[in-house]
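Pulled from Swiss-Prot, these are the features on record:
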type	residues	note
BINDING	Asp63, Asp102, Glu134	Mg(2+) binding site
BINDING	Asp63, Ser64, Asp102, Lys132	3-methyl-2-oxobutanoate binding site
ACT_SITE	Glu200	active site, proton acceptor
Amino acid sequence: MTATSGTSSSTPTGYLVPTKKVRIADLKARKGTGEPFAMLTAYDYSTAVAFAEAGVEIMLVGDSAANVVFGYDATQRISMDEMVYLTAAVVRGAGNAAVVADLPFGTYEASDEQAVKAASEMLHRTGAHAVKIEGGVRIADRIRAITDAGISVCAHIGFTPQSVNQLGGFKVQGRGAGAEQLLADARAVQEAGADMVVLEMVPADVAASVTKELDIPTIGIGAGPDCDGQVLVWHDMAAFPAGGHRPRFAKQWASVGSDLTAAAAAYKREVAEGGFPTQEHCF
């Protein structure tokens, strides 16, 4: 939020933070204002606190936790219980930020009833403000059922990690003839009642066209600068762990991995050499 919006204030650290609860409707109202918003993933209380203090307005508890938290080889492996534990922790630390939670693979695809039950469980057990589900035309009926139940939905089209095997790997979506399908997916999720939509690994010009076409906000991840918001996995933007693979679309603003490793090594060395603890650390 801008300093002139009347809904943010400067903290002692100089960051602009929301002074009231950010609602999904608030972010929808930013559509077309030229004021993009930043979303980051978060998976625990302490990280959520840090991002709230930085003024991040919306956090995503993504099923990317399967990879970066639990060490699974695919997002399809994470369970509802695992997502619930992480999301509840993030909500407790998120301050005024809105929190969106991924519905895990296999919890919403089979039927409208299954989708509504999963979305309701996620919000009831965690306090999250919206759920995110992957897919366009093929999943529009599930989005409609969830929104008809009074639950906000963030859709996710383009590259959808839960469908990585069907898509043939980590590939850019929406090139050539695929642009028409992407636009059809975008229209379908909007018509089904989605409040916003993530565009992942989509050519920038295609994402710009989709953003212009839709009345709901688009959130880009590897989708160029013209989306209404941007999202990154925080491990990618902060280089954690050190030496890990970083997608081309992610910029690094810190080196958390190398700093943490260096701190752990220094601690180990001082303990081994008798340099810690000293008198100042004793009662």
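Positions of Cβ are set from backbone N, Cα and C atoms, glycine also.
Features recorded in Swiss-Prot, as mapped to the structure shown.
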residue: Asp63; record: Mg(2+) binding site; Cβ within 10 Å: 27
residue: Ser64; record: 3-methyl-2-oxobutanoate binding site; Cβ within 10 Å: 19
residue: Asp102; record: Mg(2+) binding site; Cβ within 10 Å: 29
residue: Lys132; record: 3-methyl-2-oxobutanoate binding site; Cβ within 10 Å: 24
residue: Glu134; record: Mg(2+) binding site; Cβ within 10 Å: 24
residue: Glu200; record: active site, proton acceptor; Cβ within 10 Å: 23
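Close to Asp102 (Mg(2+) binding site), meaning Cα to Cα within 10 A, are the following recorded positions out of Ser64, Lys132, Glu200: Ser64, Lys132. Put simply, Lys132 (3-methyl-2-oxobutanoate binding site) is 10 Å from Asp63 (Mg(2+) binding site) when counted between their Cα atoms. Here Ser64 (3-methyl-2-oxobutanoate binding site) is positioned 13 angstrom away from Glu200 (active site, proton acceptor), judged by their C-alpha atoms. The secondary structure of Glu134 (Mg(2+) binding site), as reduced to three states from DSSP, is extended strand.
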